[in-house]
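Look at Swiss-Prot and you will find Arg179, Glu298 tagged as active site, backed by sequence analysis. Annotated active site, proton donor per Swiss-Prot: Ser228, in sequence order. Annotated domain 'FAD-binding PCMH-type' per Swiss-Prot: 34-199, in sequence order, evidence recorded as sequence analysis.
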Amino acid sequence: MSFPDITPDLKAAMPELRGRLLGNEPLAPLTWFRVGGPAQVLFTPADEDDLGYFLSRLPAEIPVMCLGLGSNLIVRDGGLPGVAIRLSPRGFGEHRVEGEVVHAGAAALDKRVAETAAAAQLGGLEFYYGIPGSIGGALRMNAGANGRETKDVLIDATAYDRSGTRKLFDNAAMQFSYRHSGADPALIFTSARLRGTPATPDHIRAKMNEVQAHRELAQPIREKTGGSTFKNPPGQSAWRLIDAAGCRGLKIGGAQVSEMHCNFLINTGEATAADIETLGETVRARVKAQSGVELQWEIKRIGVAAGQS
C-alpha cells in the first residue's frame, strides 16, 4: 500500500534542503510495536535551521507529524498521509550541563538525560531513567514516572511552528496536565532546558537503581510494546481496572494484554496495528462495563486504516 510520491516536487521547491527526504518510507521499524504502514514522506532534518527551512517551504495543505522515538505510538496499517518528521540524534540529540541546568535536544533519550544529570551530581531528573522515550516526546505528553513528571523540571522549551518560525515556551506556556501538554499540537519541539537539584552521587544512583528495578520487575520491557497504554484515572490505577475486568492475557490476532502488567499491550510477533488498536478498544469497553470507568488512551494513534490510503 502506497501514497502518491510527492518527494520530487518537494525537493524541487527546497533546493537548499540538507536533510533526508524519502517517499513511502516504512514506519513500522521506527516504532516499538513494529507495526503500521508507510509515511507518504519521511523527513529527517539536518539541524534546526534545516527544519525551519523545510517547514517554511512546505505547502500549507500538507499535514505534518513529528514521530519522536516511536515508543508511545501506533501507526495504523494504511500509513501516514503527508509528512512524518523524525529528529535524529546527530542533529537534535545533545545533552549537556551548565551549572544546575541540563540542556537536552528533543532526540536525546530520557535515560541519557538522567545519566548526564547524574554525572554532574544533579538530582531531580532520576525519573527519566525509566522512561523509554525522548525529550521531545516528554515535552509533548508531560512524561513522568515514580511521582515526578516533566512539568516539575522544565524551565523552557524551543519549538518550530508550522510556518517554520522558532519559538520559546516557558513552563507555564506548555499548559501541562497529567500526561498532556496543551501547547499547539502542530509545534515541533527541538530542545529543552531542565532544572536539576544538587545531590550526592549515592543518593542519585540509589534513585536511578530503584527506577530501573521497578521497570524490570513490573513491566514487559523485553517485548514489542508501546509502554503504558491508558492514562491512570484520577485516584485509580488503569492496570487494576483492566485486571478486574478480566483482561489480563486477552488476545486479539497477534496482540495481547501483557500477563506481567495489564496496562501494557504487546505484539506477540505477527500483530497488525489494527489488532493492537482493536484490543485496546476491547479493553476499554470491558472496563467501562465492569467499573463504569472510561479509560483514556495514553498511546498516540496516527495514520489511516488499511485500505484508506
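Cβ atoms here come from the backbone N, Cα and C positions, even for glycine.
Here the structure is a predicted model, which means the values were calculated and not measured.
Projection of Swiss-Prot feature records onto the structure.
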residue: Arg179; record: active site; DSSP class: coil
residue: Ser228; record: active site, proton donor; DSSP class: strand
residue: Glu298; record: active site; DSSP class: coil
If one measures from the C-alpha of Arg179 (active site) to the C-alpha of Glu298 (active site), what distance in angstrom results, rounded to a whole number? 7
Would you count the other CB atoms within 10 A of the CB of Glu298 (active site), including those on all shown protein chains? 20
Neighbour tally for the residue listed as 'active site, proton donor', based on other Cβ positions within 10 Å of its Cβ: 19
Taking only the CA atoms, the spacing between Glu298 (active site) and the residue listed as 'active site, proton donor', expressed in whole angstrom, is 7
